[in-house]
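Student: So Swiss-Prot has the following annotated:
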- 1-223: region 'Beta-sandwich motif' (REGION)
- GLU51, ASN84, LYS356: substrate binding site (BINDING)
- 223-386: region 'Beta-barrel motif' (REGION)
Amino acid sequence: MSEPTSSSSLDITSNCIIETPLQPSDFLPKSANLFPKFPERISVDSWELWEFDTFDTNGSVAFGCSLYRDARGVEQGGFHAEVNALWPDGTHWGETLYFAVSEVVENSDGTTGGKWLSKDGGSITFHIASDYTAAALDFNVPGKVSGTMELRNHANVSPTSNLPASDAEAQLCPGVYYTFPMGPVATSVTATFSSVGANGESRELFISSGYGGMVRGWSARPWPTFMNDAYYVVAQVGPYMLQILRTLGSVFVQHKPFAVARLYLDGSLVSAANTVVGDELTAHADDVKGDAVRLTKVQPDEKSQGLSGKFRDGNVGYVLEFAKKDSEHGWTFQISHKRAVWSEPTSAPGPDGTGKSGWIEAISGGAKGENYEGHGFGGQLQIPVP
């Protein structure tokens, strides 16, 4: 029977959050780095993330869960979890849930387990295989959500072979780490949500054969110090699976763009980009080494197919390009906001107000001459910092 070899348990009600800055433990090459980087205490600026996303093959159902360790839930007495679900008729269930205790363990068989536990017994737990080929989540939050989510890697090789081999390969920007540990995954969900829609009735959500991905992130730096605009998407487009987080830097980092992006073809990794190039970013083009991406916002016009957000950023989609330096290989994907999932302000209302929006994305493209079609699950964010 497997026994815990390392354990990190934080109780937000027991002074585990401190004012003194802390540095994360060292990055481990060729590891998913699932165990907490701030295992004993966490500072008011530090944060850690374990995220799991899934959507069905038709782009009609989505379910996402983001588990955090940070100081944002101190007043609510818990570490927060953001849970969102979307049904085919457009009904959305989304809540921020709070859990006093966050516990993560590494076991002797190499597996990793996590539990976010509230004082009244509600919980969200995850269990991840030692080779990152499978993950299972269990939701047991009375009056909110119950059920399971499963993710199973379907790449041609073990996910461990595609993990970052160096500290630099794992960084979104200096001191900020984002990785996609599982690569392409097949997913399934069976869940029941309480108080859904205007009638407040319970409703079940099923995904029998879907796609998705996992995200692991951490930093000692708060988000406003390195970004004011971000976009994330995980998608399956024909034989391609793609996953990208792109940020536009705040004044603290001279407004530079940053990205972590991965592109798989038939389960094989073909692009692992941590560099951004773009029309408005040509001043940084000389920094390009190896794989790179360009993400361009599509603004609404009479030919627009996508939906627009409710805030200052009114784009209707993106053009995402993967490229290899000194190579003819390249892939282009057209992304259109197909269905709204969530929409929340991040500033005071008004014509210059900022916010965050979640989308089911309609995506098409591939290599030159290809036009595969598929879907993705993503979100964009702007915050009111220069």
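Cβ atoms are placed via backbone N, Cα and C, with glycine included.
Note that the structure is predicted; figures quoted are calculated from it, not measured.
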Student: Identify, in sequence order, the residues in the chain of GLU51 (substrate binding site) that are 6 or more apart from it along the sequence and have a CB within less than 8 Å of its CB; answer 'none' if there are none.
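Tutor: Spatial neighbours, sequence-distant, of GLU51 (substrate binding site): GLY64, CYS65, SER66, LEU67, MET214, VAL215, ARG216, GLY217.
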Student: Looking at Cβ-Cβ distances, which residues of the chain lie under 8 angstroms from ASN84 (substrate binding site) while being 6 or more apart from it?
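Tutor: Counting only residues 6 or more apart in sequence, the Cβ neighbours of ASN84 (substrate binding site) under 8 Å are ALA62, PHE63, GLY64, HIS92, TRP93, GLY94, VAL341, TRP342, GLY358.
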Student: Across the region 'Beta-sandwich motif' (1-223), what is the average pLDDT of the model, as a whole number?
Tutor: 95
Student: Taking the Cβ of LYS356 (substrate binding site) as the centre, count every other Cβ atom within 10 Å, in any protein chain shown.
Tutor: 18
Student: To test your reading of the substrate site: which residues beyond GLU51, ASN84, LYS356, same chain only, put their Cβ within 8 Å of the Cβ centroid of those residues?
Tutor: GLY64, SER66, GLU82, TRP342, GLY358, GLY379
